[in-house]
Amino acid sequence: MTNIRKTPPLLKIVNHSLIDLPAPSNISAWWNFGSLLGLCLMIQILTGLFLAMHYTSDTATAFSSVTHICRDVNYGWLIRYLHANGASMFFICLYMHVGRGIYYGSYTYLETWNIGIILLFAVMATAFMGYVLPWGQMSFWGATVITNLLSAIPYIGTTLVEWIWGGFSVDKATLTRFFAFHFILPFIIAALVMIHLLFLHETGSNNPSGIPSDSDKIPFHPYYTIKDLLGFLVLILLLMLLVLFSPDLLGDPDNYTPANPLNTPPHIKPEWYFLFAYAILRSIPNKLGGVLALVMSILILAIIPFLHMSKQRSMMFRPISQVLFWILVADLLTLTWIGGQPVEHPFITIGQVASILYFSIILILMPLASLIENKILKW
């Protein structure tokens, strides 16, 4: 008798994706982040759904509705902090996942990589709009500053900003539409994830060596199902530690003050996961230039596959590229730190140097290192 999982069309899809999927035998813990991102997305959709049951997207009541969730709703505080810190875990996993892709040359799967970049943009947009919803000081001013960047677009800028706002400033219309978009986008993200996986399963997974592993495959279940479950446990443990011990560690105290258009906070800054891009934006004195640098800081990922000069796919056997990769990681951490600092003397210069270094490593130094490594191989 044919196994039940191999005949019904739906179970067949599940079987080919999660059970009988041939996977490389040597993929490390860096390959866990894909499934962890799936878990994060599910946590966010579920907690978000329950928050939306009690939230009101109106400037007069938004802030107090969040307070009501935390004080009066059964386990409302838990749902709210799971959602807020779940976003942080989401971005930690995202950056690790992208970093893995760069280190091991996974970007050579062009379709998967490009869908991944679209996913990254979609998640960033969702997180930004979600941050506006509690309608605290940082929500309001963050929305004002970031949407205002679009006014740098020549000719149509101002019109575009007012169109997004639904008026002449960030107000009720803006909050309502941001809530609508924040609700719908995660489901679009879920659909994109399916396409991401569809393209990945066309080629199969990469592995740390970067060498085709067709001759050495193992079934996904039980080997990688149990490995993913271990990853889930670690992620949930870290998330619960954050939520139950210091839920406001990564948040901004200013967001506990209701939004006031007449009072600007001393330091307007986004959530920690956007600080590196914010630092790049601020390091350029020109508005349009800053916006272009901001967009390019993420869009540069799309150029990486075309800058791959090495004869090897992975960085596993490329020491010069490895050093550059870890300098890039340190540079991103530096930018994250600078993004949270005031615009004052040493920080401005550090930010500018770090921004130049960021683009230089990706566009110039890494391709050069690859060419040098190719020469060393010949020699």
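Cβ coordinates come from backbone N, Cα and C, glycine included.
Copied over from Swiss-Prot, here are the features:
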- H83, H182: heme b b562 binding site (BINDING)
- H97, H196: heme b b566 binding site (BINDING)
- H201: ubiquinone binding site (BINDING)
- 33-53: transmembrane segment (TRANSMEM)
- 77-98: transmembrane segment (TRANSMEM)
- 113-133: transmembrane segment (TRANSMEM)
- 178-198: transmembrane segment (TRANSMEM)
- 226-246: transmembrane segment (TRANSMEM)
- 288-308: transmembrane segment (TRANSMEM)
- 320-340: transmembrane segment (TRANSMEM)
- 347-367: transmembrane segment (TRANSMEM)
**OP:** Compare the C-alpha of H182 (heme b b562 binding site) with the C-alpha of each of the binding-site residues H97, H196, H201, and give the closest one.
**Re:** H196
**OP:** Would you mind listing the long-range same-chain contacts of the transmembrane segment (347-367), meaning Cβ under 8 Å and 6+ residues beyond its ends?
**Re:** 279-280, 282-284, 293, 296-297, 300, 303-304, 307-309, 321, 324-325, 327-328, 331-332, 334-335, 338-339, 341
Original post:
Taking the Cβ of H196 (heme b b566 binding site) as centre, how many other Cβ atoms lie within 10 Å?
Top reply: 21
**OP:** Please indicate, using numbers and ranges, the residues of the same chain that are 6 or more beyond the transmembrane segment (113-133) and have a C-beta under 8 Å from a C-beta there.
**Re:** 48, 55, 57, 62, 66, 87, 90-91, 94, 98, 101, 106-107, 139-140, 142-143, 146, 174-175, 178-179, 181-182, 185-186, 188-189, 192-193, 195-196, 199, 270-271, 273-274, 298-299, 301-302, 305
Original post:
Does H83 (heme b b562 binding site) have same-chain partners at least 6 apart in sequence with Cβ under 8 Å from its own Cβ, and which are they?
Top reply: Q44, T47, G48, L51
**OP:** Using a Cβ-Cβ cut-off of under 8 Å, list the residues of the same chain that are 6+ residues beyond the ends of the transmembrane segment (288-308) and lie near it.
**Re:** 98, 102, 105, 107-108, 110, 113-114, 117, 120-121, 124, 149-150, 152-154, 276-278, 280-282, 355, 358-359, 362-363, 366-367, 370
**OP:** Between the Cα atoms of H97 (heme b b566 binding site) and H201 (ubiquinone binding site), find the distance and write it as a whole number of Å.
**Re:** 17
Original post:
When you scan the chain for residues with a C-beta under 8 Å from the transmembrane segment (320-340), skipping those not six or more beyond its ends, what do you find?
Top reply: 99, 102-103, 269-270, 272, 274-280, 282, 310, 347, 350-351, 354-355, 357-358, 361-362, 365-366, 369-370, 372-373
Original post:
If one looks at the chain holding H201 (ubiquinone binding site), which residues at least 6 apart in sequence have a CB under 8 angstroms from its CB?
Top reply: H16, S17, L21
Subject >> Surrounding CB atoms that lie within 10 Å of the CB of H97 (heme b b566 binding site), all protein chains >> reply: 20
